[in-house]
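If you check Swiss-Prot, you get these features:
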DOMAIN    139-222  domain 'SPOR'
TRANSMEM  7-26  transmembrane segment
Amino acid sequence: MTNNSKICLVSLICISGIYFGYQYYQNSKPVITIYPDNLPPKIRPSIIENNQVASVYSNIYENLITQDTNIQTVKLLPDPEQPMIIDSRNQSQNDKIFDRMSTLIPLIESNNNAKNATDLNIIKLEKVIKDKVSNAQNCRSNAGYKVQLGSVKSEAEAMAEGAKIKKKFPKILKNVVITTKKVKYDDGKFFYLILAGEYSSLSQAQAVCKKLAYNKQSCVLK
């Protein structure tokens, strides 16, 4: 008998032993048997003290059992108030007409006054708006347009950076004056804007800004 045959035989013997041992263990357990009980079924009543129970198989019916009521502890509520009877037939037709007219006249007068006041306010508001628009246009035409090239923390740094940008783009910023503007943060600190120009028209300022943006230089119209 070869070695392989011996190994196979030993393996079969081990597997058989494990299988029969497991079957013996399962058969040795006690068998559980369920027997029917002889207790009478519990049926909950559907009517308790002349009250029909909606859900018989719930615990609600247990709360419906009332106790003895003491008549001395019962509080009787008073009768409700009787409704008022208003007889409108005793009023004359003239009184009704007079009341209606006396009610409508103040409303008509107030509406007319309000309309006149509104018309006056509209005229005044239109005049104020036109004046503000014309003033803004005059200020813009006199001041011209500037181009923002950046922002820094100090005025000296702003002037130095502006000169550097002007030197970098001599053709675009030729004959342009570099200025600064002090601006306040919300937290109280300040920063400085680097501004170029003044350009007489918006289209001219936009053209300069487009050329700077094409050359990867930040630019904002002011």
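Using the three backbone atoms N, Cα and C, a Cβ is placed for every residue, glycine included.
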For the transmembrane segment (7-26), distant same-chain residues with Cβ under 8 A (at least six beyond the ends):
none
Based on DSSP, tally up the residues of the domain 'SPOR' (139-222) by helix, strand and coil.
32 helix, 27 strand, 25 coil
State the mean pLDDT for the domain 'SPOR' (139-222).
85
